[in-house]
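Undergrad: Here it is, the structure in full.
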Amino acid sequence: MLTFDIINQSLESRARTGRITTAHGVIETPIFMPVGTLGTVKAVSVEELKACQAQIILGNTYHLYLRPGCEVMAHMGGLHPFMNWDRPILTDSGGFQFFSLAKLAKFKDEGVSFQSHIDGSRHLFTPERAVEIQSILGSDIMMSLDWCMGYPATRKEAMGALEKTTQWAERGRNFWIEQGRVNNLFGIVQGGMFADLRSISARQLADLDFPGYAIGGLSVGEPTELMYEMADHTVPQLPLEKPKYVMGVGTPENLVELAGMGVDMFDCVMPSRNARNGQLFTSTGTMNISNAAFRLDESPLDAECSCYTCQNYSRAYLRHLYKSRELLAYRLNTIHNLHYYLDLMHQMRNAINQGRFMAFKQEFYRKRER
């Protein structure tokens, strides 16, 4: 079973540092989890992930279930040996994919029936099946099946998704207990953009006593301030001693703000996806490497960055690679963006431990105003 120890609590905010201990190692929080949808973080190897100081990565249950499938995963001993990753893995339940591929999915009391986007075959995810598949994957942290509601949504729609999510959470938890509490299962708070519904969801899930909790249904098209409002409202409703995870978020600014609200875990495709689109994150903000201003620029992407890319290559060379659509561009850009995100979390942890989180936050924004 997972253990979570709170190391330091900021006196200036709800920010805190912690330590999650799993069967595959320790995770220092707050932490960002690179997304490896299909058992790979696109464009980089596990060795490069480790060099970027990745402590835990995320796998996608929906996609891995469809390809390569449970038979292959079971035969190979799970996702860890399959991809040669010996550190913790978190897997989602498929709920967000059913939301994003809504035309292919139907929500029922039993679970979610859906059509494969690969070959059109029909499948059913029940709360029990979602836990079973994640157990086959060997996830250190599994997510309960949830109903993610988009934005905007009516109160009636949000309430329906909340009720279904709670019912599924209880069923998934019961199955997890029957199977011997293999690995760890988190519940997911829903409730749309209605604070009172999120309070209800949080209380219901807290009563089920999961090892940790995710706050879902954010970053689904709502304004940033509304996302912050919902997160700020929800975090205190959940057990203080349990890790809290905001799913699918987000920008560097999002991470700083939400960590200040007491969020411990984050994931997002942004650093890797944006790297492939030429958008790079630096201590002074974002840059588009295709910009003509970098054609003769001999400087690194970020003078403050110690990543492999910044230590070895110029902006001019990286621009050339990207404009030429050379595959190396995607690798070097992704290494930099992941290093930036993970180093940002490292800096945050240090600041919280040293009692200067607010000073860190002010400096973070000051650099972006240059």
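Each residue, glycine too, has its Cβ placed from N, Cα and C.
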Undergrad: Starting from the Zn(2+) binding annotation in Swiss-Prot that includes Cys305, Cys307, Cys310, which of His320, His336 is the extra site residue?
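TA: Looking through His320, His336, the residue Swiss-Prot assigns to the Zn(2+) site is His336.
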Undergrad: Looking at the ranges 115-121, 248-254, which is given as region 'RNA binding' in Swiss-Prot?
TA: 248-254
Undergrad: Where Swiss-Prot shows Asp92, Ser93, Gly94, Gly95, Phe96, Gln190, Gly217 binding substrate, which of Asp109, Asp146, Asp207, Asp232 is named for the same site?
TA: Asp146
Undergrad: Pick out which of the binding-site residues Cys305, Cys307 has the most other Cβ atoms within 10 Å of its own Cβ.
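TA: Neighbour-count leader: Cys307.
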Undergrad: Taking the Cβ of Gly217 (substrate binding site) as centre, how many other Cβ atoms lie within 10 Å?
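TA: Gly217 (substrate binding site) is surrounded by 34 other Cβ atoms within 10 Å.
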Undergrad: Report the same-chain neighbours of Gly94 (substrate binding site): residues 6+ apart in sequence with Cβ closer than 8 Å to its Cβ, ordered by sequence.
TA: Asn60, Thr61, Tyr62, Tyr65, Val112, Phe125, Ala130, Leu145
Undergrad: How many other Cβ atoms sit within 10 Å of the Cβ of Asp146 (substrate binding site)?
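TA: There are 33 of them.
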Undergrad: For Gln190 (substrate binding site), list the number of other Cβ atoms lying within 10 Å of its Cβ atom.
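TA: The Cβ of Gln190 (substrate binding site) has 30 Cβ neighbours within 10 Å.
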Undergrad: Return the member of Asp92, Asp267, Cys305, Cys307, Cys310 nearest to Asp146 (substrate binding site) in space, with distance defined Cα to Cα and candidates limited to these recorded positions.
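TA: Comparing Cα positions, the closest of these recorded positions turns out to be Asp92.
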